[in-house]
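Feature annotation from TrEMBL assigns ATP binding site to GLY9, ILE10, ASP11, GLY12, ALA13, GLY14, LYS15, SER16. For 8-196, the entry in TrEMBL reads domain 'Thymidylate kinase-like'.
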Amino acid sequence: MGIFVVMEGIDGAGKSTQAKMLAEWFNTRGYEVILTKEPTDTAFGKLIRRLVLTGGREGIIDGARISHEAEALLFAADRAEHVHKLIKPALDAGKVVISDRYFYSSLAYQWARGLDLEWLIDLNRFAIRPDLVILLDLPVKESMKRINGRSIKTEFDKIVELQKKVRENYLKLAEMFPEMRIVNAQNSIEDIHKDIVGLIEQEIFGEK
Ligand SMILES: Nc1ncnc2c1ncn2[C@@H]1O[C@H](COP(=O)(O)OP(=O)(O)O)[C@@H](O)[C@H]1O
Ligand SMILES: Cc1cn([C@H]2C[C@H](O)[C@@H](COP(=O)(O)OP(=O)(O)O)O2)c(=O)[nH]c1=O
């Protein structure tokens, strides 16, 4: 069995930055690493971007075009393909898999959209549990500064409210799922990387 690590957090928390750095860290230690993300780049991911996300890098879910349930089912369908075609085979081959978002995103975001948390957990029960989930936590104000260029100004207030709810949801989820660890994402990129490596050493390699 390989090693499965997930990065979670609100938009602009630094997930993709830290996922890349962690992938390099494993690489230099001789591991074969699969760096992946959700929504994926498959046909399902493309469908999600077309139907659910209001385009591009802004990371806003419009939700106006399809129902929230349909949205949750699409994310789950994308994830099922992700697990069966990529994650499971890679782990079976002993590789390290690092995913930028996973089912915890569905729990945090679709719950914030008003869906029932238990239903969302049931829907995602097929998803292999990771060895470690890094929750990059920071105030919404800070994340907004980082992704300023990404967001549509007229949607700004709505986005702030949603992101605040999503952040709170993540923190609640961290109390429910023992594989989740909170990392302060307000620090410098290098310091956050060190914290993540510390968690990997502690939780995966059993070092003190
Ligand atoms: N610790 C940090 N401090 C300041 N800026 C950061 C930090 N981490 C990432 N950034 C910058 O913030 C932006 C969003 O980071 P990114 O890794 O894309 O976040 P996410 O994948 O969570 O949306 C990028 O421009 C990135 O360079
Ligand atoms: C994986 C996933 C993402 N999302 C949301 C979080 C983000 O706001 C948005 C897009 O994710 P994001 O990481 O911004 O992907 P990309 O930059 O490739 O478009 O989708 C959900 O609502 N549920 C999910 O299950």
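Every residue, even glycine, has its Cβ placed from backbone N, Cα and C.
Sequence features, as recorded in TrEMBL, placed on the structure.
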residue: GLY9; record: ATP binding site; CB count, 10 Å: 26
residue: ILE10; record: ATP binding site; CB count, 10 Å: 29
residue: ASP11; record: ATP binding site; CB count, 10 Å: 21
residue: GLY12; record: ATP binding site; CB count, 10 Å: 23
residue: ALA13; record: ATP binding site; CB count, 10 Å: 28
residue: GLY14; record: ATP binding site; CB count, 10 Å: 21
residue: LYS15; record: ATP binding site; CB count, 10 Å: 23
residue: SER16; record: ATP binding site; CB count, 10 Å: 14
Annotated binding-site residues ASP11, GLY14, LYS15, filtered by Cβ under 6 Å to ligand 2: ASP11
Filtered binding-site residues, from ILE10, GLY12, SER16, whose Cβ is under 6 Å from an atom of ligand 1: GLY12, SER16
ATP site shell beyond GLY9, ILE10, ASP11, GLY12, ALA13, GLY14, LYS15, SER16, criterion: Cβ within 8 Å of Cβ centroid: MET7, LEU136, SER143, ARG146, ALA185
For LYS15 (ATP binding site), the three-state class that DSSP assigns: helix
Whole-number mean of pLDDT values that fall within the domain 'Thymidylate kinase-like' (8-196): 91
